[in-house]
Amino acid sequence: MATVIKNGTVYQNGRLIKADVLIEGKKIKAIGTDLDAEKIIDAQGMLVSPGLVDVHVHYRDPGQTYKEDIKTGSEAAARGGFTTVGAMPNVTPVPNTPELMKKMVEENKHKGVVHIFQYGPITNDETTDIIPDYAALKKAGAFALSNDGHGVQTAQTMYLAMQKAKENNLIIATHAQDDSLFNKGIVNEGVAAKKLDLPPVTELAETTQIARDLLLAQKTGVHYHICHVSTKTSVELVRLAKARGINVTCEVAPHHILLTDSDIPKDNGYFKMNPPLRNKEDQAALLVGLLDGTIDLIATDHAPHAKSEKQGGMKNAAFGITGSETAFSTLYTKFVKEEKVLSLEQLLALLSDKPAKVFGIENAGVLEPGKNADVAIFDIEHKNEIKEADFKSKGVNTPFTGQKVYGETVMTLVDGEVVYQRGTK
């Protein structure tokens with residue numbers, strides 16, 4: 001049965017247009033005016049967007065399914081308007097063999113309600129210097145490589161990894177962190193560390209590893225992608241590298257542009273994340289980086305934890321913040337609706353077509369005839385409160401609970417099928 005989404009404002013190819021979207025089967029059939037079908041979805045006053053693309057999520061499955069699993073994580077993505085995600089490999093066991101990778105890919109397809117692309121690890125268990133068989137992992141379904149949560153500590157290991165990744169046309173996506181400089185820190189070296197008397201994290205833990213890796217990327221020619229850049233110096237390093245022709249891309253997480261360490265009101269585990277919230281100068285530089293193209297995309301780093309793991313103060317709390325269900329609404333409210341730092345078109349590009357393009361994900365992040373019918377419909381005119389009770393994720397570890405925001409997801413379709421609808425369980 002054909003479906004038409006009528007009366008909405010459609011984001012297509014960088015523009016907002018008044019149009020209808022006709023869906024037949026799993027594909028978009030047409031975008032235009034006065035389209036008709038047996039089933040009509042009225043999007044009057046709504047934004048009709050390509051399904052958003054999040055290249056950085058943690059689903060904890062297998063190994064830590066009390067925090068999240070593929071089903072709940074993908075349902076959370078759908079509730080946030082995301083229809084394509086990249087799942088990090090920090091699960092147990094790490095998918096470091098073709099057999100384990102094939103199993104992960106099959107589980108993602110079977111249990112997930114959105115399209116899930118699976119990362120393979122850069123090193124065998126994400127902390128050793130042993131490099132797995134990238135060719136075999138790619139053949140088994142790995143779409144990129146990452147040790148997210150861990151930096152690759154030795155330059156030699158990263159150099160070899162980049163060479164092998166280049167040979168196999170795989171992206172290296174890194175969590176840039178020198179553990180000797182991170183030194184068991186908790187919050188950014190700044191106001192919160194002093195106020196709360198917590199171990200500080202120097203920005204050098206991030207920036208020195210980025211500088212090292214950029215030189216290695218220049219030598220090898222690999223596509224080097226930096227996860228969740230968080231400092232002014234990181235942005236400057238990437239800007240310089242791009243000017244020199246190094247094949248580098250990077251992402252920023254919503255919380256690093258929405259919050260700073262000055263926003264941490266007390267010793268609250270919901271504000272503990274890695275990289276930590278930085279200062280206002282860093283935040284401003286991240287926004288400039290988004291606007292001038294130094295930062296290529298926004299990715300949530302959705303990192304759910306059990307409530308018990310975020311209680312008892314920041315020293316004992318786990319690192320991480322959920323993001324799938326709050327990203328679009330919080331970003332739209334602050335940067336488009338209120339502060340007018342970004343246009344709606346710019347925000348949507350950073351959350352849809354740009355991440356798909358950077359990672360070479362075909363059929364994602366665009367609304368065009370012949371492409372997958374992956375669509376998100378947002379209510380951008382009315383405010384709604386972020387409530388724990390509404391979350392699909394098992395993790396409610398976010399400091400944004402209680403905020404009133406515009407941009408709630410009304411409906412999400414994947415391959416033409418409704419996978420989320422506001423007001424339904």
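In case you wondered, yes, glycine gets a Cβ from its N, Cα and C as well.
As annotated by Swiss-Prot, active site applies to Asp301. Here Swiss-Prot flags His56, His58, Asp148, Asp301 as Zn(2+) 1 binding site, drawing on sequence analysis. Per Swiss-Prot, substrate binding site is recorded for His58, Tyr59, Arg60, Asn90, Asn274, His305, Phe319, Gly320. Positions annotated as Zn(2+) 2 binding site by Swiss-Prot, on the basis of sequence analysis: Asp148, His175, His228.
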*Neighbouring binding-site residues, C-alpha within 10 angstroms of His228 (Zn(2+) 2 binding site) - of His56, Tyr59, Asn274, His305*: His56, Asn274
*What is the interatomic distance between the Cα atoms of Phe319 (substrate binding site) and the residue listed as 'active site', given in whole Å?*
11
_Cα within 10 Å of His175 (Zn(2+) 2 binding site) - qualifying recorded positions among His56, Tyr59, Asp148, Asp301_ = Asp148
*Between the Cα atoms of Asn90 (substrate binding site) and Asp301 (active site), find the distance and write it as a whole number of Å.*
12
*Which residues does Asp301 (active site) neighbour through Cβ under 8 Å, counting only same-chain ones at least six apart?*
His56, Val57, His58, Asp148, Cys227, His228, Ala253, Met273, Gly320, Ile321, Gly323
*Compute the mean position of the Cβ atoms of His56, His58, Asp148, Asp301, which form the recorded Zn(2+) 1 site, and then list in sequence order the other residues of that chain whose Cβ is within 8 Å of it.*
Val57, Met88, Gly149, His175, Cys227, His228, Ala299, Thr300, His302, Ala303
*Reduce the DSSP letter at Arg60 (substrate binding site) to three states and note it down.*
coil
*For the substrate binding residues given in the record (His58, Tyr59, Arg60, Asn90, Asn274, His305, Phe319, Gly320), what is the largest pairwise C-alpha separation in angstrom?*
17
